[in-house]
Structures are given as C-alpha cells and as structure tokens.
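Copied over from TrEMBL:
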TRANSMEM  21-38  transmembrane segment
TRANSMEM  102-120  transmembrane segment
TRANSMEM  126-151  transmembrane segment
TRANSMEM  163-180  transmembrane segment
TRANSMEM  186-205  transmembrane segment
TRANSMEM  210-229  transmembrane segment
TRANSMEM  235-258  transmembrane segment
TRANSMEM  457-474  transmembrane segment
TRANSMEM  486-508  transmembrane segment
TRANSMEM  520-540  transmembrane segment
C-alpha cells in the first residue's frame, strides 16, 4: 500500500502537466466566442456585387433544370458550392449560414495548424502553452476582422477561401509531422491526399493561388524521397490525392459544366487591360517598325488611337488602382475598345485568346524592366503592407447594401422555375432591406493597434527569420529546429506566392486581394517571429541562467 502511494504522481505535478492542455482548449473556446460575437449583428443576407451573377447563375440554372451553365467565365467550384448550399437549405439565408459555419471551422483549422506547427519544437508544457497562446493573436485578428467577416458573408469565392486554405495548411503541417517528426504511415497517406485535394480546391476557387499551389504541394512530393516511411506509403498519399482531385474536382465540370465563350476570353482580356500601358508602348514600337503604306500598319494605328483615347479616360477617372495608375475595369467592362480589339484579333475566341497571350508575353520579353517594375510595385503592397491588410473596419455599408440589391440579372431569373424565382425575390427583398437597416460590426482599437505593430515588424521579422533559418540549416546543434523552420517557410510561401501570382497577372491595388491573403500573411509572420525567439532563446538561455542562478540559489534553495 505504501509502495503504491510512493509511486503515484503528486496531484500538483499531474495538474501542472495537464493544465496547459486545458488552457489551450479555453483559449480556442474564447476565440470562437469572439468570432460569434463579431458576427452577431449581421442579418442572414449574403452580400452581392457586380461579380456575383457569374457565381450564382450557374447554381440557379442547375436548380431550375436548365443545366450547370458557366457565366462570365467563372470557374465551377464556388458555383458548385452555391448549388449545394441552396439545394440543402432552400434559401440564400441558408447559404449565409453555410458560409458562416465554414468560417468558424476555418478558425478551428487555424488553431489546429498552429498547434501542429508548435509540436515541431520539443518544448516543456508551459513554454509550449506560451507559444500556443502567441498563435491566438493572428487567429483572433481573423475572427474579428470586419473586412474578413464581410468577405465570409459575400457571394464570392473568398467566402470559403479561408476554409480551403487552412484545411490545406493543416493537412500539410500534419503530413510534415507524420513524415519527418513522428513517422506514421496511415496519417501521412491521408494528410498528403488532403493537402493536394484542398490545394487544388484553392486553385479552382482563386486562380491567383497558382504559385501558392505549387509552393505548398511541393513538400508532399519532396516527401517521396528519403527515409522514415515505406516507399509504398510515400507514393500512395500523393496518388490518392491526385485520384480525389480527379474524381471530385476535375471530373464534375467535364461532365456537367456547360462552358461559355468568356471562359476562353476572360484571362486574355484581363492580361491586356491590366498591362494596357506597357502593351501600348509595345504596339507603338511595332507600328513604327512597319513600312509606310502597309495596310496592317494603318489597322494597328487605328487601334492604337482608340486605345490611347480610352487610356486617357481610364487614367483621369476616379479609381482605386493607386499604383497601376489607371482603371483597367473601365477598359474591360465599359469601354468599346475590347470589342475593337476582338475584331482586330480575328473576331474568334481562340484567335483573340492566342493574340492577347502572345502580346502579353512579347511585351514582357521586349520590356522586362517595365514588367518587373509593375510586378514589384504591386508586390510592395505585401512587402510594405498597410495596416488595413491585416485589419480593416471602415466598410461603406450603404454602398455594399446597394450593390447587393443590384447583383442579379432579373430578365434571366424570370425564365427560371417559380420556386427559384421566389427564392431570388425573397433574397432581393432582404438585400433591399439592408439599406434601411445597415449592419454595425464592432471596430476594435486593439485590432488596429495589432495591425500597426504587424506593419512595423513585417520586414524585421522576415530578415531575422531568414538569418535564423540559415543558422538552423548550417549549425548541427540546431538540427532539432529544422522542421519548424521549414514549416514556417511553408506557411509564409502560401500568401507570398499568391501575392506574386496576382502581381504578375492582375493588381494588388484591389484591397479585397490584400485582405484575403492578409490573414494568411499575419499567421505566417507570427510563426516566423516565434521561430526567431525560440532560436534566440537557445543561445541566450545559458547566459541568462548564468546570471539568474545565484538569485535562484539564494531565494529558492533546493532541499538537501
């Protein structure tokens, strides 16, 4: 009996060991409560905008029995999710709750991702708790950011992008843990497949995820080589992911998605209008090189005259493209120039697509400095971010409400089945009511201050992380920190590669792009800052202990 009592752990020791885990759960519960509190003022009415119809009409046409029809060149995954949400709930209010539920799940996935990354370190329970609590900062910012709450409630792919993005990162961190930290065959297979599946889902939701897709799936394929798991397990995971992507993400549009002409012309039109200033210089040089009397020269000069005229309008009108310097949306949607360009290129979707893409590539090759300047100027939005990238509360709700009420093409809705017409009518009535009862989301001063701190520490954190990363790679005694270093780099690669894609193809002047990647960026920066502190503590701990040891021995003497 006495022997059993001696072997039993002291109650306080057991409590000290289990308490950090309980506190972690309490922190997560608090974050979810904050998220609920921040969303409580919103009525169950999803927000629409001029792009909404391209995402909603395919769902409405399918539910009305007219097929899954692509609209305005938008890809199929978000319209497919809209179809699922409307089919299962029967209303746009139900869609709102679906997206809000995915928003809560994305907060949990952030916590899971962070907790797995922290487990790459071998830390004592209470130190690990401190690091876990540090990760609560970017999660809280995500949970209460009014701009992200607005995007989560919008009829846009950004509403589910956080869920897909953090599901991918959670799978990826879990794969790294089961592949290199504590090899586990089955979990490595499932998480590798999940990482590929959700990465491809992100790419379908937002094509600007292209480079982020490549950067974040690379670890799964790197994991094929090396020791730790049987070759079978290392191959089955990626293979299963490819199969899942093929069945659930590639095959459905091939079978059911009725594509429109814009699917072939949307990207080429975007490339031309965004880079119109550089392309105008290229076409001017081409026209100057043509011999006098060449009929093609006259055609090109006529096109150039119209382009210069429309560019003048795009430059002088009010717009939000501060670094681009003109409004490409005017050229794309309101100007007749794109019709003239379509005729010039051959009045055929494939000829137009080929002409615009070749012209974009030729412009980049003949004027690499100009193209690099454009890309770097756009990247400065995330290399030197403003506070609104991480937190923004000053939303113009009156304009948002007005846009929501004008987001449907009623002449097409009138041709759908009566129950679909009624669903749309109810939504539009609710959207009209938004202008009379505007939502008031809480604007947190703490959120603004944290955003300011993040902007000030952004570059120093990147520089210090790069130094610590190199140090960990070259110093054998720091080998235990290498997996955490690679994990932080993976987290950072997602938003930065996304920003790079947008800067090449489009423009980060659009604040929606910056806000949607800002949460990912702050999450990664926090991981990088923690990594720097852990590496610094590795070297400073002996020095600090040398000075603290006499004090500890004096005031906290050990029992003999």
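The backbone N, Cα and C atoms fix where each Cβ goes, and this holds for glycine too.
Note: the stretches the transmembrane segment (163-180) and the transmembrane segment (102-120) are in contact (3+ CB pairs below 8 A, sequence gap of 6 or more). Sequence-distant contacts of the transmembrane segment (486-508), counting only residues of its own chain at least 6 positions beyond either end whose CB sits under 8 Å from a CB of the stretch, comprise 113, 117, 120, 165, 169, 172-173, 176, 206-212, 214-216, 219, 267, 270-271, 274, 321, 323-324, 328, 374-376, 378-379, 381-382, 465, 469, 514, 517-518, 520-521, 523-525, 527-528, 531.
Between the transmembrane segment (235-258) and the transmembrane segment (186-205), the number of CB pairs under 8 angstroms, six or more residues apart, is three or more, so the stretches are in contact.
Most Cβ pairs under 8 A with the transmembrane segment (520-540) among the ranges 126-151, 186-205, 210-229 are made by 126-151.
Tertiary proximity for the transmembrane segment (186-205) is limited to same-chain residues at least six positions away from its ends with a CB under 8 Å from its CB atoms, namely 75-78, 157, 160-161, 164-165, 167-168, 171-172, 174-175, 178-179, 212-213, 216-217, 219-220, 223, 229, 233-234, 236-238, 240-242, 244-245, 248-249.
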